[in-house]
Structures are given as C-alpha cells and as structure tokens.
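Inspection log for the structure reproduced underneath, given as structure tokens.
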Amino acid sequence: MAPVRGILGLQRAVSIWKESNRLTPALRSFSTQAASTSTTPQPPPPPPPPEKTHFGGLKDEDRIFTNLYGLHDPFLKGAMKRGDWHRTKDLVLKGTDWIVNEMKKSGLRGRGGAGFPSGLKWSFMPKVSDGRPSYLVVNADESEPGTCKDREIMRHDPHKLLEGCLIAGVGMRASAAYIYIRGEYVNERLNLEKARREAYAAGLLGKNACGSGYDFEVYIHFGAGAYICGEETALLESLEGKQGKPRLKPPFPANAGLYGCPTTVTNVETVAVSPTILRRGPEWFSSFGRKNNAGTKLFCISGHVNKPCTVEEEMSIPLKELIERHCGGVRGGWDNLLAIIPGGSSVPLIPKNICEDVLMDFDALKAVQSGLGTAAVIVMDKSTDVVDAIARLSYFYKHESCGQCTPCREGTGWLWMIMERMKVGNAKLEEIDMLQEVTKQIEGHTICALGDAAAWPVQGLIRHFRPELERRIRERAERELLQAAA
C-alpha cells in the first residue's frame, strides 16, 4: 500500500505542477498589468504653504478698529459707514453653535491678560437652561497701569462693542449684557451710553434685536475706581452691590456667576472683535500671528518713546519693530534702552538684550519669563531708576489689595517696605534672597491673581537687575563705613 500511496502522491504532485504552470502566465500578465498601472505617473501633491516667518506691518484694510484715534464719527451713522451692524441679523440667525465654533476656529485668545481661548470659554455656558437666565458681563474696568486700549474702543468705536455684546450674547445663550466701566472713565461712559440709546432706537438691541427674534438687553454700570474689581468675581460682587472682593472658585462664573446665574466675564477688546471675525471668517483672522497666537491686537505703548500711541498690529510682531515703526523709536535711540515691561504692570520686565529679538505674543514672552498681559508696553530708557520704578509698582499693589487673603494683605506690604529700603541701598545682600522668598510666599497662595501680579515685577527685577541691587547696598555700606571712620 505504501508504494501505491507514493504513486498517487506523485501523480497528485505532477498534476498540481502542471496546473501551476498553466496559471503562471496569467498571473505574470496580471502582475505586469498591475505594475504598469501602479507606475502610471501621478501628479505631485501641491506643496504646503510656506510657513510665515515675519509678522507685523498690518495693512489698513485688515484693521478691525478703524476709528481708534477718533478721526471719524463714533456714533451710529459713522459706525454703519465703517461696516458695523452690517447684516448682523444674518449672523444671529446662524445660531449659537455656529458662532461658538467659528470663534474656536479663529484662534482668538482673551485680550484682557489671561489669554484663554475665547471660543472655548464661551462654550462653557450651559447648553440647556435650568430656568435661570444667562448673562454676559463685559469687563471695562481697565485699571492696569500702562493700559489704555479699551477706553479708545468705548470712546471712539462704541458700536463695535455693542454689536459684539449681541453676537457674544447669542453665542452664550445670554439674555443680557452688563458693561462694567471703570469709575474714572467719564467720557467713555457718556459716548457708550449715547451709542446704546441709538442702538435701542434703531431696533438693534432690546426686543427682537436686529429683527432676528432674539431679545437682548444691554446695561451699563459705573464702577467706583477699585483696581481689584478688574478681577472677574470681584467685579460680579461689585455689580451685585457688595464689596468688590474676589470669590473662591469653584463654583465658576459659568455655573454660578452674576446673581447666582450662568455668566461669562470677558474683555472689551475680545467682545468688540467678534463681529468682524464672523463676517470675514475665522481663516482670515487666524492668518495673522504665529500658531496659537492668532489675530490682530491693540498695543498701547508709553514711556520713553518719541511718539506714545495705541495701535492695532499683527500678533507676533517683533517688539523692536513695534516701537520703531509706530512710536518713532526709543527716546535717545535704541541703545539708550534699559528695559521694557511688555504687558502692563503685572508682568515681569525684560532687559534690552531680550527686547532685541522677542516677539509680542503669549508664547514668545512666556518663554522669556514674562507675559503679553494686556499688551501695554512700558518703555524705560537709561535715565530710569529701575529699582524705584518697581518699588512704585509694589506700592500700587499694596494700596489696591482688598485684604481678604493674608499672603496678599501682609505680603504686599512687606514687598513695598523692603523695596523702599532696596531703593536707597538700606539693606543687606542676603535680604535680596529674602525678598525673592517673600514673592514666592505670595505667588499662588491667594484667591485671585493680584498676589501674583504684585510678586512678578519684583521677581523680574531680581532676575535681571540683581547686580544693581547689590551695587546700591555695597555703596551705602561703604559710605556709612567712611562716615563712621571720620
């Protein structure tokens, strides 16, 4: 049986071999066809767009704020000529989800200092009402030293803010907006109130706003001049008629804000740019600036420059170019520069060597241990007593502390007292490290960010100008030694 099985196996093997030979030409022709098909020349994919490497030089047609200097009529007739309230009804009718998604795509980050993504923040508001109304609160309590951008919007382009309130309110499902204006801003309030009356008379606000079927009210509240009310929860407390002291979080305002209702607090500039973004498209807005730092921005430059100004420019513009293009350069030339505070008094200063190349956006300034903040650029030339300047800021934060948190209430006082002694060199070298330690005990240990704002300028001074502090201490010690010997 074994030979028979062997013969049968051999026959089976021969038949399989013959069958394979019969199929091989067909397989070869199929593989050849496939190969010829696969090797057919395909058009090359389009090259990726070149990565943008230079920022700045914003064209006039790309500016959102076209009446920043008050050269034109700030009220309704002039505003409509400049494009405000153009087909606002169509934007409203596109709905809440569309507005929020477009804002997310634009890459807009909050212009009040924190830089939180605006579309994401708006989306935190409840999607389904539990019976409580939702509110938009606009933080116009612009009190940061060096910051003067929002007042230009309220004074010269108030309808941009009012239209933005409606658009943002629809995006948040809010029934009303409260604009909280700094107490000292009298002219700004008068212009904004007149613009509000015009908008109501024209049917742009109130019942059936812009004929869209959406009811939206706008209220204007005058503050009393307290810096702490620029903190969002302190602002809500003040709006409710209480002392302006920050609240503990959670609950966050999006869950329990004004009068215990869902609330979003946002900056004047953030709200004012939203209608233009929706009209021109998020892709247009995100084409400016670096990734994650999109759009245009209002920069207010003051201090030792030839022409202080507030100007709208592209995000990520080099700091040096911003000053030389729009302010006529540093007083006495760039080589006369000592240091710059790039984002209002709450951020650490940066010395001249960093200012040479740094870009004006959130990420670039964070990388050099500073921040964009409100984009209030304070320029100090070599005539500045930098220690005295930071000591003066320390006094400001001591004066404006609400006193609720012990680290801030006590720490800001100690910062100011030590800085006053450092100013005249009346200290010991080891006290510089003690001063640094005091800032660390304040930073991150308070309910709101005022403690951080008080600590960071002092930390920046120690980081970049420690030799100056040491020089003053040594020189005073030498003088006292000589006086004692005499």
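Just so you know, the numbers here start at 1 and follow the chain as drawn.
For all residues, glycine too, the Cβ spot is worked out from N, Cα and C.
If you check Swiss-Prot, you get these features:
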- 1-30: transit peptide (TRANSIT)
- 31-57: region 'Disordered' (REGION)
- 31-40: compositional bias 'Low complexity' (COMPBIAS)
- 41-50: compositional bias 'Pro residues' (COMPBIAS)
- GLY110, ARG111, GLY112, GLY113, ALA114, GLY115, PHE116, PRO117, SER118, GLY119: NADH binding site (BINDING)
- 222-270: FMN binding site (BINDING)
- CYS402, CYS405, CYS408, CYS448: [4Fe-4S] cluster binding site (BINDING)
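Note on proximity: of the binding-site residues GLY110, ALA114, CYS408, CYS448, the one nearest GLN243 (FMN binding site) is CYS448, by Cα distance.
Look at the binding-site residues PHE116, PHE222 and count other Cβ atoms within 10 Å of each Cβ; PHE116 has the fewest. Within 10 Å of the Cβ of CYS402 ([4Fe-4S] cluster binding site) there are 21 other Cβ atoms, across all protein chains.
Set side by side, the binding-site residues GLY110, PRO250 differ in how many other CB atoms lie within 10 angstroms of their CB, and the most is found at GLY110. Counting only the Cα atoms, the space from CYS402 ([4Fe-4S] cluster binding site) to CYS229 (FMN binding site) is about 10 angstrom.
Mapped onto three states, the DSSP output places SER118 (NADH binding site) in helix. The Cβ of CYS405 ([4Fe-4S] cluster binding site) lies under 8 Å from the Cβ of HIS445, THR446, ILE447, CYS448, GLY451, each on the same chain and at least six residues away in sequence. Reported as a whole number, the C-alpha separation between THR264 (FMN binding site) and SER118 (NADH binding site) equals 10 Å. Taking only the Cα positions, the spacing between CYS408 ([4Fe-4S] cluster binding site) and SER118 (NADH binding site) is 29 angstrom.
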